[in-house]
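Dumping what Swiss-Prot says about this protein:
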- 13-24: compositional bias 'Basic residues' (COMPBIAS)
- 9-37: region 'Disordered' (REGION)
- 1-58: topological domain 'Cytoplasmic' (TOPO_DOM)
- 80-86: topological domain 'Vacuolar' (TOPO_DOM)
- 108-120: topological domain 'Cytoplasmic' (TOPO_DOM)
- 142-153: topological domain 'Vacuolar' (TOPO_DOM)
- 175-191: topological domain 'Cytoplasmic' (TOPO_DOM)
- 213-228: topological domain 'Vacuolar' (TOPO_DOM)
- 250-273: topological domain 'Cytoplasmic' (TOPO_DOM)
- 295-317: topological domain 'Vacuolar' (TOPO_DOM)
- 339-352: topological domain 'Cytoplasmic' (TOPO_DOM)
- 374-378: topological domain 'Vacuolar' (TOPO_DOM)
- 400-404: topological domain 'Cytoplasmic' (TOPO_DOM)
- 426-451: topological domain 'Vacuolar' (TOPO_DOM)
- 59-79: transmembrane segment (TRANSMEM)
- 87-107: transmembrane segment (TRANSMEM)
- 121-141: transmembrane segment (TRANSMEM)
- 154-174: transmembrane segment (TRANSMEM)
- 192-212: transmembrane segment (TRANSMEM)
- 229-249: transmembrane segment (TRANSMEM)
- 274-294: transmembrane segment (TRANSMEM)
- 318-338: transmembrane segment (TRANSMEM)
- 353-373: transmembrane segment (TRANSMEM)
- 379-399: transmembrane segment (TRANSMEM)
- 405-425: transmembrane segment (TRANSMEM)
Amino acid sequence: MEAAAAMEAGRKLAARHPHGRSRTAHNMSSSSLRKKSDAALVRKVPVAPLRPLLANLQEVFLATKLAVLFPAVPLAIAAQCFRFDQVWVFALSLLGLIPLAERVSFLTEQIALYTGPTVGGLLNATCGNATELIIALFALLKGKIEVVKCSLLGSVLSNLLLVLGTSLFCGGVVNLGARQPYDRNQSDVSTALLFLAVLCHSAPLLLRYAVAAGEHSVSATSAAASLDLSRACSFVMLASYVAYLFFQLKTHRQLFEPQEVDGGDAGDDDEEPALGFASALFWLALMTAVISVLSEYVVGTIEPTSQSWGLSVSFISIILLPIVGNAAEHAGAIIFALKNKLDITLGVALGSATQISMFVVPLSVLVAWIMGVQMDLDFKLLETGSLFMAVLVTAFTLQDGTSHYLKGILLLLCYIVIGACFFVARQPAGHANSNGALLDVPTGSMSVQAA
C-alpha cells in the first residue's frame, strides 16, 4: 500500500535527518491550512484496489481547508469553453488559483521530505511562487510587459505590507499588552536583499532621467542603454539569490529553521509523507499544468475586466491579483502570527517577497530577452518609489526584534496609501508598447483621470 510505504519512508527520513528539516516557513504556511483526511471513509470502499487511489485523491483534494474553492477550476474552464462573459472567466480563474497555489506548496513539501533539505529548498525556490512566474510568462507571451511588472511588484508590496501588516496586527491583538519577539537574523538578511533589488530597479530609472536631463550621455538610445543595464542587473540579482540560497540551505541553515514548531502544533506527524514520491511528482505536474491554464485565462481577460469594473489594469495587477492569488499563503502567515510564531510569519512574508524580487523578476527579464521581448527593470517612478518606501518602512518596523499591533496598523496604512495611488492613476489614452499592446503605465509620469 502506498500509504504504508509513505509512512515507512517518513520514519526512515526522520531517523536520517533528526535536526535538518527540509520544511521551510513557506511550506509551513500550507501546513496550517491542512486538515486530517478521513481514512475510515476510504476503508469502507468495497473494492480494495481502488482504496489507494481514493486515499490519494482524498489527500490531494480534500485534505485542505480550501477544498471548497476547487469547483471554481472546472467552472472557469467551462466558462471559457462556452464563451461566457470574460469577467466571469477572470473571477473564477482567480478563485481557482487559490487552492491550486496552496496545493503546489503542499506537494513541494511532500517531495522535499524525500529529497532532503537542500534539494527541497531548491525545489521550494523554484515552485514557491509558481503562480506569479506562470502568470508572468503568459503575459510575456502576449506582449503585456506592464502586466508582468505590475503583478510582480504587487506581490512584493502585498507580502511586505498587507500580509506582514495583517499578521503583526492580528498577533498583537491576540497578545494584547505584550510584545511578540522574533529572531532578527532572518529579517536582516531578507531586507538587505530587498534593498539590493530596489537599487537594481532604480538604476535604469535614474539612468533614463539623467540622460533626459542632459547630465549624461549614452552610446545608444536611452531605452537601449536602460535595457542593457537591466539585463546586467538581472544577472547580479540572480547571482545574489544563488548566494542567498547557499547561505540559507548550507552555511547558516539554523537561522532559517522554524524552531517554534518543534514543540508546537505541528507535531512529528507532519514530518511523515502523506503521499508517495511518484504520486507527489505527478500531482505537482498536474497542478502546475492547471495553474498554467487558469493563468492564461487571467492574462487574457484582465483588460476586458478592467473596462467592465472601471479599474485600471495597473490597479488590478498590483492590488487584486496578489491578494487573491496568494490568499492561501497569506492566511497561513496570519495563522502562525495568531499562534505567536512570528519567525514563521516573517519567513513566509519576507521569504516570498525576496524570492519574487531576486528570482522571479530578473528571471522574467532574461526569459523576455530570450523571447525577443524588451522587458527592463525600469518600473517607472511611481512603482519604483512605492517599492522603495515599502522596503524602507518594513526594514524600520522590524529593526528592534519585537512586534505589537501598532506596527501592523502602520504597515496596513502604508499599503492603503499605495493602493490609493494606483487607484487614481491612469494611463493616457492611446499609449501602447512596442508590441502594440495597450499599457496601463506610460513611459514617463502617470496621469490622473478626473472623476
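Here the Cβ of each residue, glycine as well, is placed from N, Cα and C on the backbone.
Source: prediction; values computed, not measured.
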In the topological domain 'Cytoplasmic' (339-352), how many residues does DSSP put in helix, strand and coil?
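Per DSSP, the residues of the topological domain 'Cytoplasmic' (339-352) fall into 11 helix, 0 strand, 3 coil.
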Would you mind giving the whole-number mean pLDDT across the topological domain 'Cytoplasmic' (400-404)?
86
Verify whether three or more Cβ pairs under 8 angstroms connect the transmembrane segment (192-212) with the transmembrane segment (274-294), leaving out any pair fewer than 6 apart in sequence.
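Counting Cβ pairs under 8 Å (6 or more apart in sequence), the transmembrane segment (274-294) does not reach the transmembrane segment (192-212), since there are fewer than 3.
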Are the transmembrane segment (353-373) and the transmembrane segment (121-141) close, by which I mean at least 3 Cβ pairs under 8 Å that are 6+ residues apart in sequence?
yes
Go through 154-174, 379-399, 405-425 and flag the stretch with the largest number of C-beta pairs under 8 Å relative to the transmembrane segment (318-338).
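The stretch I would name here is 154-174.
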Please indicate, using numbers and ranges, the residues of the same chain that are 6 or more beyond the topological domain 'Vacuolar' (80-86) and have a C-beta under 8 Å from a C-beta there.
297, 300-301, 304-305, 308
For the topological domain 'Vacuolar' (374-378), give me same-chain residues lying six or more residues beyond its boundaries with a C-beta closer than 8 angstroms to one of its C-beta atoms, as numbers and ranges.
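Cβ under 8 Å, 6 or more out: 140, 145, 148-149, 200-201, 203-205, 208, 223, 226-227, 229-231, 233-234, 361-362, 364-365, 368, 384, 434.
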Sequence-remote contacts (6 or more beyond its ends) of the topological domain 'Vacuolar' (295-317), Cβ cut-off under 8 Å?
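Residues 76, 80, 86-87, 89-91, 93-94, 97, 131, 134-135, 138-139, 142, 144, 146-147, 150-151, 154, 419, 422-423, 425-427, 438, 440-441.
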Is it true that the transmembrane segment (405-425) and the transmembrane segment (121-141) have 3 or more CB pairs under 8 Å, sequence gap of 6 or more?
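Contact criterion not met.
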Restricting to the same chain and to residues at least six past its boundaries, which positions have a Cβ under 8 Å from a Cβ of the transmembrane segment (121-141)?
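Those are 22, 24, 26-27, 97, 100-101, 104-105, 108, 111-112, 115, 147-148, 151-152, 155, 241, 245, 248-249, 284, 288, 291-292, 295-296, 298-299, 321, 325-326, 351-352, 355-356, 359-360, 363-364, 367-368, 371, 373, 375, in sequence order.
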